[in-house]
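Asks: First the structure, then my questions, so here it is.
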């Protein structure tokens, strides 16, 4: 066999070496080019919101969308009190995250928060537990929020320290078992055997009787925190007493107080102590209830007085009067941020809150008072007429008292009146800086010393959306104060009444149908998985028979869940229509708020109440986590 010559070996070696060098050079060039491209993107790319920062990440939790359509799950309404950190939250089983709009604040944020924001929805500094029923994703939020406190402090209007200082005083100490034992010892030590022998009848003013009630309540109603009691009064029978107390639910992270008054039947034991033999249902102790407010009256054509509204028990803790600036001097000394009405008007409530809180966040960053238009336009999504409805009041839906105690706000009509009055009476007009585009950033306005910064949104959509101000680089500086939006106390009173009538011992089923059930492309199995038969099979696996079962749903057909009634005590929102009827407390107070015009209990209010009752349940069965395998946001989005 012929051996290769040296010349042939020498001729083939350079070809192999050159090929290896060529491949290595190409690979290295590709590597260098990719590094350069990645570096260029990292330097130039500006996301709409820096999600890696704590406050924006909380904001993302509420909206779960970054575009102007805000097509989130409208069967759940989240607001600020639903994510506030609680000292000892009791998270019930089977809690799943649900999208939409709700927020919260831990103690760290509270102390650093300015006085004036509301929901949505009370005050922040001593905020006790409110929604420990919130999903795991929410429960993990407060630590992130606390990191935003320094930024909020820097943007805090003057006077916010007063809120933090006043809050502890405003938070009532809960009635604990240790306190009851101490009171019991004092009472027993001061009681003589002779007094014990004389005790033959129930004495409602006896301190030992109230101690028996407190002890009974702590053992019976474990899901609520008792804050204060009033001295019991006589019932209708000799062994009955009516007792009034204030409380809050352990799953509510606001520190608002609610009231209940019940009738108790007592017996006397051999060792001279009171024993609760029987307790009446919610609001059964009518002799202990607060006095009813006198109805407004008007003189008729015949000269007689006719009541405008049915007499009602008014919640004296609600104070949603519109703040005023006072004297002309106070007006002139203030600094204001005024947003003209933009393209967000009549959009969905998610977008309204997203934009509104952007404006509030900018006002806090600029250390200015936000000029607020209390008039809302309810989107057709929640309107009973399926049309946009103007003339709604912010206070119908959100807690304005909490809002004005958390951030600095002033009503638009009062502000414009004082502005006009000043310009009429003085030669030197109020200094105004008009800003005609959202591209002028809050950072550029930080050093402006004018009295009024007037942002105008006259461009076409989506350039005229308020939330555009907080996009881009501004998102690193502007933190939306979600903790300021709480749901209306009037709506929360309805929530409390529904929960109280079930004695705070119920499970809940959340059934989403409507448009999603009809859209087979995005949710192919939802309709069949939420059929009455399929629901019954799933619920029986998770909920014990004959439990109170509250169903929060957008299914309009009332009898849709009838087959559950043979296994559970079913409760639907429509079972409690009298709570917003024309004889209800809610109806009377909202009518007075609306200048004597009746207010409709619209779709947004229904969802808000449904949401809060749902959160107070012990076991929660969710549509997209328990009933169906379809993804919440459509196919392939899990």
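Glycine is no exception: its Cβ is also placed from the backbone N, Cα and C atoms.
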Asks: Using TrEMBL as the reference, determine which range in 260-284, 285-309, 310-334, 335-359 is annotated region 'Disordered'.
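Replies: Spelled out, TrEMBL records region 'Disordered' over residues 285-309, not the other listed ranges.
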Asks: Mean pLDDT over the domain 'DUF7074' (200-284): what is the value?
Replies: 91
Asks: Just give the helix, strand and coil counts over the domain 'DUF7074' (200-284), going by DSSP.
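Replies: Per-class counts: 14 helix, 35 strand, 36 coil.
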